[in-house]
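Noted in Swiss-Prot for the protein shown:
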type	residues	note
ACT_SITE	Glu165	active site, proton donor
ACT_SITE	Glu350	active site, nucleophile
BINDING	Gln22, His119, Asn164, Glu165, Tyr292, Glu350, Trp393, Tyr406	beta-D-glucoside binding site
Amino acid sequence: MVLSRLDFPSDFIFGSGTSASQVEGAALEDGKTSTAFEGFLTRMSGNDLSKGVEGYYKYKEDVQLMVQTGLDAYRFSISWSRLIPGGKGPVNPKGLQYYNNFIDELIKNGIQPHVTLLHFDIPDTLMTAYNGLKGQEFVEDFTAFADVCFKEFGDRVLYWTTVNEANNFASLTLDEGNFMPSTEPYIRGHNIILAHASAVKLYREKYKKTQNGFIGLNLYASWYFPETDDEQDSIAAQRAIDFTIGWIMQPLIYGEYPETLKKQVGERLPTFTKEESTFVKNSFDFIGVNCYVGTAVKDDPDSCNSKNKTIITDMSAKLSPKGELGGAYMKGLLEYFKRDYGNPPIYIQENGYWTPRELGVNDASRIEYHTASLASMHDAMKNGANVKGYFQWSFLDLLEVFKYSYGLYHVDLEDPTRERRPKASANWYAEFLKGCATSNGNAKVETPL
């Protein structure tokens, strides 16, 4: 298939993105406090987070690179611990100034800001006070944080995402990235859903009329398919969908968890009161989707009997991530949202391909990956999927959980200047966004997941 930007609707948004903890650096400067996610990134990447890639100081340079690339929009997150260092209470003037300056710089240069409120980085003060997501206080504190953001930035920011990868955030630990045990992921997920709905209610009641913005939630969403033609693998694939996507989406659409979760998890799964069910239903204007790979699923009926229960043992399935995305995977995922959830507006908020850092700027495999992804997404859109935008991940090489890079622009973390250099993929994306055609078959790439 040969595609250009001209094959997409005129109002379709093309962008790229990063997150605060992975791009800003200045980890404990100008009043900012620590977060568990930043400690996790430091351990897993082996890099010094305090300097990072220096987005905090190089934001004007980075915005000019966005202009050169031709981005419509840029997705980034606001560091809760930079804006409100105590997690609650006084706003940090220097943090407020930084985000105001950054947003103004984007808009001055014709780049639309898309803001994520929470990208895994809960302030350590709140983790210490009530173990973060496990405490019901999280709902109140997150809503107060969102209120500050809406008040201070909402006159210029029209697109808000409450929580990044709500399902992964609920289920994964920040020690070695393992799955949370027993009841923990379900309690965390429950509180995330309630906190999200609370922030949406606040925005709609207090700010929507004057700011006219849109607000949604983000999910990590692989497309799960049976590993074999065996009927049990097909049933297991649907369970995997229910345990990852349906876990969050069904409450937002129907006010209830999927029947699969109720059956498999039993009393360990929290329940919504009648009032909460009404509260969370329809609490979004769009859904953000982070999609990287397809995942083959094999039935594993014995795993649910494990004494060491996790979300994976509960779903009674073995998952095998696959890197081929040029075929049906993104298409299948988007058509699932269309079929099962009433075709909500979707933004692909992360779609990226890892390469070893030492590869430098020669990343032809990334071009192949993104070309295939765009073709798969375009196929879904031709079939009626309501996709509104596509954000490549990531704009720059960042601090990542694995020692790989996803960026359009190379950043050498050993170079004290943190120089940005365009990769082949940056030049490709810029040409695509100018309307030049790109074509690709069914790309096959490897994945570290």
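Any Cβ shown, glycine's included, is placed from N, Cα and C.
Because the structure is a prediction, the values reported are computed rather than measured.
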**Study point:** Gln22 (beta-D-glucoside binding site) CB neighbourhood, other CB atoms within 10 A
**Key:** 28
Revision key, fill the gap. Same-chain residues at least 6 positions away from His119 (beta-D-glucoside binding site) with a Cβ under 8 Å from its Cβ, in sequence order, are Ser19, Ala20, Ser21, Phe37, Ser77, Asn164
Review point. What's the CA to CA span in angstrom from Glu350 (active site, nucleophile) over to Trp393 (beta-D-glucoside binding site)?
Key: 5
Practice item. With H, G and I counted as helix, E and B as strand and the rest as coil, say where DSSP puts Tyr292 (beta-D-glucoside binding site). Key: coil
Point to revise | C-alpha spacing of the residue listed as 'active site, proton donor' relative to Gln22 (beta-D-glucoside binding site), in angstrom | key: 15
Practice item. Mind giving me a neighbour count for Tyr292 (beta-D-glucoside binding site)? Other Cβ atoms within 10 Å of its Cβ, every protein chain shown. Key: 25
Check your understanding: By a simple count, how many Cβ atoms lie within 10 Å of the Cβ of Tyr406 (beta-D-glucoside binding site), its own Cβ left out?
Key -> 25
Check your understanding: So how far apart do the beta-D-glucoside binders Gln22, His119, Asn164, Glu165, Tyr292, Glu350, Trp393, Tyr406 get, largest Cα to Cα in Å?
Key -> 18
Practice item. Going by DSSP, give the three-state secondary structure for Glu350 (active site, nucleophile). Key: strand
Study note, to complete from the structure: Per DSSP (three-state), Glu165 (active site, proton donor) is coil
Check your understanding: Including all protein chains displayed, how many Cβ atoms other than that of Trp393 (beta-D-glucoside binding site) lie within 10 Å of its Cβ?
Key -> 23
